[in-house]
Each structure stands twice: as structure tokens, then as C-alpha cells.
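Annotated in Swiss-Prot:
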DISULFID  Cys41-Cys107  disulfide bond
DISULFID  Cys150-Cys200  disulfide bond
DOMAIN    20-107  domain 'Ig-like V-type'
DOMAIN    147-235  domain 'Ig-like C1-type'
CARBOHYD  Asn36  N-linked glycosylation site
CARBOHYD  Asn42  N-linked glycosylation site
CARBOHYD  Asn160  N-linked glycosylation site
CARBOHYD  Asn194  N-linked glycosylation site
CARBOHYD  Asn205  N-linked glycosylation site
CARBOHYD  Asn241  N-linked glycosylation site
REGION    107-118  region 'CDR3'
REGION    110-128  region 'T cell receptor alpha joining 42'
REGION    222-243  region 'Connecting peptide'
SIGNAL    1-19  signal peptide
TRANSMEM  244-266  transmembrane segment
Amino acid sequence: MVLKFSVSILWIQLAWVSTQLLEQSPQFLSIQEGENLTVYCNSSSVFSSLQWYRQEPGEGPVLLVTVVTGGEVKKLKRLTFQFGDARKDSSLHITAAQPGDTGLYLCAGGGSQGNLIFGKGTKLSVKPIQNPDPAVYQLRDSKSSDKSVCLFTDFDSQTNVSQSKDSDVYITDKTVLDMRSMDFKSNSAVAWSNKSDFACANAFNNSIIPEDTFFPSPESSCDVKLVEKSFETDTNLNFQNLSVIGFRILLLKVAGFNLLMTLRLWSS
């Protein structure tokens with residue numbers, strides 16, 4: 001009798017556990033540094049509490065937060081945790097993700113028996129933004145060796161670009177280039193001179209240039225060449241244009257004929 005009762009209790013516990021499964025989505029997530037993300041945790045059953053853990057490679061899970069009240073919202077710096085009103089779901093939102101946020105995120109629901117039911121986890125990978133090193137590029141006119149332009153780009157916003165003491169060298173103020181097609185911005189400045197011995201290595205002498213700035217060798221300067229693209233007409237497009245012109249002429253003739261007939265009727 002006691003054995004049957006114990007087996008019945010065991011089956012009840014197993015049935016309760018089987019209905020307390022947690023589903024996490026997405027299972028894998030890879031984003032760039034600075035982006036936002038949301039991880040979801042759902043169940044068909046009600047939990048008395050819900051916990052979020054983060055596990056880094058080679059280490060054990062670390063508790064981030066515990067929520068117990070339906071509709072509860074907790075914030076931990078850039079992390080926001082929310083427990084659903086029905087206590088069946090939860091979400092983790094990370095703002096401006098950093099490479100240090102990389103890891104496995106686990107949600108765990110607590111039942112009335114005091115045990116925890118874990119989800120399968122969400123593996124997050126945050127790729128760091130690789131800022132390009134500052135560089136100076138020299139552009140020479142292919143038709144005249146006396147004309148040269150230096151482009152100083154990808155430098156830090158704290159860098160000061162000063163005018164040259166040489167009256168024959170002209171330097172623009174620091175500007176921000178918005179590379180919308182590549183989704184990033186870059187600081188830049190331009191220097192130019194008509195002097196034949198003008199060198200980019202000396203153009204920004206009065207400015208504080210980072211030590212890791214790339215300077216091209218005199219042999220590796222870029223020749224600016226004018227490339228003329230040949231223009232070829234499209235026969236189909238030409239036919240369509242001629243058709244439109246023809247229809248317009250026909251419309252004008254019809255309108256003129258109608259106007260002439262109307263004037264004749266009025267005059268008679």
C-alpha cells in the first residue's frame with residue numbers, strides 16, 4: 001500500500017514537471033556591438049518565480065535577477081527583466097550590447113515544490129566594432145605632378161587639426177563624414193598645395209597625430225585619373241520615348257480639330 005502511494009506521488013511529480021517546460025527563443029543570437037536585443041522565455045504553466053542566469057564559457061551559471069510578482073519589471077544597468085502578468089512568460093532586454101555580454105542566458109522557473117525548471121538557453125554572441133586606424137592618403141594629379149592632396153581620416157574626435165605654418169599649404173577644418181551606405185561616421189581633414197615637394201608626412205606637422213597613423217610612402221601615392229564612361233542608348237527605351245512623343249502629337253491634333261469644329265459650329 002505504501003509502495004503504491006509512493007509511486008502515485010512520483011507520477012504526479014513527473015506529470016507536474018513535464019507540464020512546466022520552459023521554451024526560450026531565440027536559441028542563437030549574433031549581433032554587432034551597440035545593438036539592442038530581446039530574449040524570450042515562455043511556458044504553458046504558472047510559476048511562483050522566475051530567474052535569469054548568465055553562463056560564460058568554462059564557468060558555471062551566475063544569477064542575474066529573480067522576479068516573483070506578475071507584471072514586475074527590474075533593471076540592472078543595461079539589462080531589463082520583465083515577468084508577465086500571468087506569470088507564464090518573461091523577457092530579457094539588453095540595450096547597447098557589449099562584447100562582455102557574450103554568453104549563455106538561461107531562464108529558470110520556480111514551482112510550489114521549490115524546484116527549478118530550466119530552459120535550454122539562448123547563446124548570445126556580441127561582435128566588437130573594429131575601429132579603423134587613422135591614416136593619411138596622398139592623391140596626385142596624373143596630368144600635373146605639382147598638384148597634390150592629402151586626406152587625413154579615421155582619427156579620434158579629440159584630435160585637433162591645426163593650420164600649417166607654411167603659407168603655401170591649405171588645411172580644411174575637421175569634418176565628420178556620414179557614410180550612410182556603410183552605416184558609420186568618420187572624422188576627416190584635407191590638405192593641399194601646389195608645391196612640387198609637398199609631402200603628406202609634413203602636411204599635418206602642427207596637429208597632434210596618433211602614433212599609429214598610417215602614412216603612405218612617396219612611391220605609393222594614388223594617381224587621380226579621369227575615367228570617362230561610354231554612353232550607350234537603349235533601343236527599347238528610345239522606342240518608348242518616340243511612342244510617347246507620337247501620342248502627344250496625335251493628342252494635340254485631335255484637340256486642335258475639335259476646337260476648330262467647335263468654332264465653326266458657333267460661327268454658323
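Using N, Cα and C of the backbone, Cβ positions are placed for all residues, glycine too.
Shown on the structure are the features that Swiss-Prot records.
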{"residue": "Asn36", "record": "N-linked glycosylation site", "DSSP class": "coil"}
{"residue": "Cys41", "record": "disulfide bond", "DSSP class": "strand"}
{"residue": "Cys107", "record": "disulfide bond", "DSSP class": "strand"}
{"residue": "Cys150", "record": "disulfide bond", "DSSP class": "strand"}
{"residue": "Asn194", "record": "N-linked glycosylation site", "DSSP class": "coil"}
{"residue": "Cys200", "record": "disulfide bond", "DSSP class": "helix"}
{"residue": "Asn241", "record": "N-linked glycosylation site", "DSSP class": "helix"}
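Of the candidate recorded positions, Asn36, Asn42, Cys107, Asn194, Asn241, the one lying closest to Cys150 (disulfide bond) when CA atoms are compared is Asn194. The Cα atom of Cys41 (disulfide bond) lies nearest to that of Cys200, taking the recorded positions Asn194, Cys200, Asn241 as the candidates. Asn241 (N-linked glycosylation site) and Asn194 (N-linked glycosylation site) have their C-alpha atoms 48 Å apart, to the nearest angstrom. Listed disulfide-bonded residues: Cys41, Cys200. The one with the lowest count of other Cβ atoms within 10 Å of its Cβ is Cys200.
Neighbour counts of Cβ atoms within 10 Å were compared for the glycosylation sites Asn42, Asn194, Asn241, and the top value is held by Asn42. Taking Cα separation as the measure, Asn42 (N-linked glycosylation site) is nearest to Cys107 of the recorded positions Asn36, Cys107, Asn194, Cys200. When the C-alpha distances from Asn194 (N-linked glycosylation site) to the recorded positions Asn36, Cys107, Cys200 are tabulated, the minimum falls on Cys200.
Long-range neighbours of Asn36 (N-linked glycosylation site) (same chain, six or more residues apart, CB within less than 8 Å of its CB): His93, Ile94, Thr95, Ala96, Ala97. Over all protein chains present, the Cβ of Cys107 (disulfide bond) has 30 other Cβ atoms lying within 10 Å.
Between the alpha carbons (Cα) of Cys107 (disulfide bond) and Cys200 (disulfide bond) lies a span of roughly 57 Å.
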